[in-house]
Amino acid sequence: MIKLIVGLGNPGAEYAATRHNAGFWLVDQLARMGNVTLRNETRFHGYAARANLWGNEVWLLQPQTFMNRSGLATVALARFYKVMPDEILVVHDELDLPPGTVKLKLGGGSGGHNGLKDIAAHLTTQQFWRLRLGIGHPRNLLPPGTAASGQHDVANFVLKAPRKEEQDLIDRAIDQSLDALPELIAGNAEKAMMRLHTAH
């Protein structure tokens, strides 16, 4: 059962449309569906709201600490409302999946994602759920002849807006996620994975 959904991203208008903010986009959709407004909650270092989604009360959170401090906000809200790590779903951009692909998993490493790394450090466990929204990798998406091998290029890539065709695919993956989330929130993880991983 999921009691807290954390969308990862960076605060500020200049980052709103960037690939690294894909987690924010999904949480924005959930807030609209739940007819709630995310409000600045200083004690939780982010924008938060309690929503009734598919008959379940769920907290929505967008940390406003910048990506590499996401754990601060996540743990502040989780501790206050006594949410266990395996009741948390973190929604984040995933370089290792192409745009349009979305995967759900419990636990595992951070895959170089600083937001996940910080959340795991603050929770002192990696046993929380992750919804991985594919944004692609610069080596696969940039035009031929464009250098995109170093860490610097990846950092630039995630802080830029997707091209239109990529954005359309990411939006479709978010829609697929919304189809599977009722099962996960209700505690039917296997059904949620089946629905998500067999969606076309």
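Cβ atoms here come from the backbone N, Cα and C positions, even for glycine.
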Binding-site annotation, Swiss-Prot, tRNA: partner of TYR15, PHE66, ASN68 in ASN114, ASN140, ASN156: ASN114
Top Cα neighbour of ASN10 (site 'Discriminates between blocked and unblocked aminoacyl-tRNA') in the set of recorded positions HIS20, PHE66, ASN68, ASN114: PHE66
Spatial separation of HIS20 (active site, proton acceptor) from ASP93 (site 'Stabilizes the basic form of H active site to accept a proton') - C-alpha basis, Å: 6
Cβ neighbours of ASN114 (tRNA binding site) where a neighbour is any other Cβ within 10 Å: 16
Residues within 8 Å of the TYR15, PHE66, ASN68, ASN114 Cβ centre (excluding the tRNA site residues themselves): ASN10, HIS20, THR65, MET67, ARG69, SER70, GLY115
Densest Cβ neighbourhood among ASN10, ASN68 (recorded positions), 10 Å radius: ASN10
